[in-house]
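Now, the feature entries from Swiss-Prot:
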BINDING   CYS9, CYS14, CYS36, CYS40  Zn(2+) 1 binding site
BINDING   CYS22, CYS25, HIS48, HIS52  Zn(2+) 2 binding site
BINDING   HIS202, HIS300  protein binding site
BINDING   ASP219, ASP230, GLU357  Zn(2+) 3 binding site
BINDING   ASP230, HIS293, GLU326, GLU357  Zn(2+) 4 binding site
ZN_FING   6-59  zinc finger
Amino acid sequence: MAAVETRECETEGCHSEAKLQCPTCIKLGIQGSYFCSQECFKGSWATHKLLHKKAKEDKTNDEEKNCVEKEVNTDPWPGYRYTGKLRPYYPLTPMRLVPSNIQRPDYADHPLGMSESEQTMKGTSQIKILNAEEIEGMRVVCKLAREVLDIAAMMVKPGVTTEEIDHAVHLACTARNCYPSPLNYYNFPKSCCTSVNEVICHGIPDRRHLQEGDILNIDITVYHNGYHGDLNETFFVGEVDEGAKRLVQTTYECLMQAIDSVKPGIRYRELGNIIQKHAQANGFSVVRSYCGHGIHKLFHTAPNVPHYAKNKAVGVMKPGHVFTIEPMICEGGWQDETWPDGWTAVTRDGKRSAQFEHTLLVTETGCEILTRRLEDNGRAHFLSQM
């Protein structure tokens, strides 16, 4: 603690001379915070730390307000050759805070966003069979994830920014006592992924206004009571062309046909054969770099679920397995590259890509779609826009 001019100790009931000031308060610019000793400082910590939390929240809100008011759009990567017409809208608003009372995954406060529990399981092909309690935990979290996506869906229209959608997603998560799983996952800066047009996946929400004719994928994962629930849908922004409708419709059909095949005894590698057959029959290609995955207490784990044909995925479906299927289907070639942000995956030829995702539980006779929409007989939102 730093030495300062003489003040009175701020610990309740203590009026001793105070010459020490909280170093965090100095850093945050908080006035006061004087204590007579380390003991008094530690004794006041439970209430004193709330000042730090409020100051950080106020700072984040001020930075976000200033960022929006300035409406500055800077190209973060001068000289980078974009594959399509989409551009990032920088600077990004600051990373949002999650209330301390909400349970957090192990990577939430890691400086690199690293999940130690996932790293421990890295490389294993052993697929966890969930027990009844774990299955119920997954049902609950997937229902919450679906609620959050449905809220985001209502915001999709021309003129809205993906940053505004991310803000709504963040608030919807915390209102449900959920941590938004993408936030700080390997330092991802936002609470959901928003992928527009040629973006395949992992798009970072920013202040670009959605435009009439865009297609937008919103990918939601939430963490609740120790479990992750994951799903995504692609939406039409206003009126879209027939090519966009065909792409999105086919992508959804690829997912649902693959889901129809899920049951005990099916090899995970078979899913890619089903998906690619339907995609190619409609003149589209299947992304190979990104796959579905096991999910439960870990965000990403075994099995690995490729969406392309003749893959070498390991494993046979058994009751109690929980995993995602999330095909990414492209108008042109399947090849991808990543923007310099290290996250945004785009088609190499700049043509559009669409995606849909569900989290599934293998049952004794088939599967349960844990992230199924409750309204409209479970149909995806875009179907009401056709």
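Every residue gets a Cβ built from N, Cα and C, even glycine.
What you are looking at is a predicted structure, and each value in this text was computed from that prediction instead of being measured.
Everything Swiss-Prot records as a feature, shown here on the structure.
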residue: CYS9; record: Zn(2+) 1 binding site; Cβ contacts under 8 Å, 6 or more apart: HIS15, SER16, GLU17, ALA18, TYR34, PHE35, CYS36, SER37, CYS40
residue: CYS14; record: Zn(2+) 1 binding site; Cβ contacts under 8 Å, 6 or more apart: CYS36, CYS40
residue: HIS48; record: Zn(2+) 2 binding site; Cβ contacts under 8 Å, 6 or more apart: CYS22, SER33, PHE41
residue: HIS202; record: protein binding site; Cβ contacts under 8 Å, 6 or more apart: PHE188, CYS193, SER195, ASP219, TRP343, THR344, ALA345
residue: ASP230; record: Zn(2+) 3 binding site; Cβ contacts under 8 Å, 6 or more apart: CYS142, ALA145, SER181, ASP219, ILE220, THR221, ILE295, PHE299, THR324, GLU357, THR359, THR371
residue: HIS300; record: protein binding site; Cβ contacts under 8 Å, 6 or more apart: GLU118, HIS293, GLY294
residue: GLU326; record: Zn(2+) 4 binding site; Cβ contacts under 8 Å, 6 or more apart: ASN232, LEU255, TYR290, CYS291, GLY292, HIS307, GLN355, PHE356, GLU357, HIS358
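For the zinc finger (6-59), the model's pLDDT averages out at 74. It is CYS22 that, of the binding-site residues CYS22, CYS25, CYS36, CYS40, has its Cβ surrounded by the most other Cβ atoms within 10 Å. With a 10 A radius on its CB, HIS293 (Zn(2+) 4 binding site) counts 19 other CB atoms from all the protein chains. Counting Cβ atoms from all protein chains shown, GLU357 (Zn(2+) 3 binding site) has 24 others lying within 10 Å of its own Cβ. Compute the center of the Cβ atoms of ASP230, HIS293, GLU326, GLU357, which mark the site for Zn(2+) 4; besides them, the chain residues with Cβ within 8 Å of that center are ASP219, LEU231, ASN232, GLY292, ILE295, THR324, ILE325, HIS358, THR359. The binding-site residues listed here are HIS52, ASP219; among them, ASP219 has the most other Cβ atoms within 10 Å of its own Cβ. Same-chain residues that are not part of CYS9, CYS14, CYS36, CYS40 yet have a Cβ within 8 Å of the Cβ center of the Zn(2+) 1 site turn out to be GLU10, THR11, HIS15, SER16, ALA18, PHE35, SER37.
Sitting within 8 Å of the Cβ centre of ASP219, ASP230, GLU357, and not among those site residues for Zn(2+) 3, are the Cβ atoms of CYS193, ILE220, THR221, LEU231, ASN232, THR324, GLU326, THR359.
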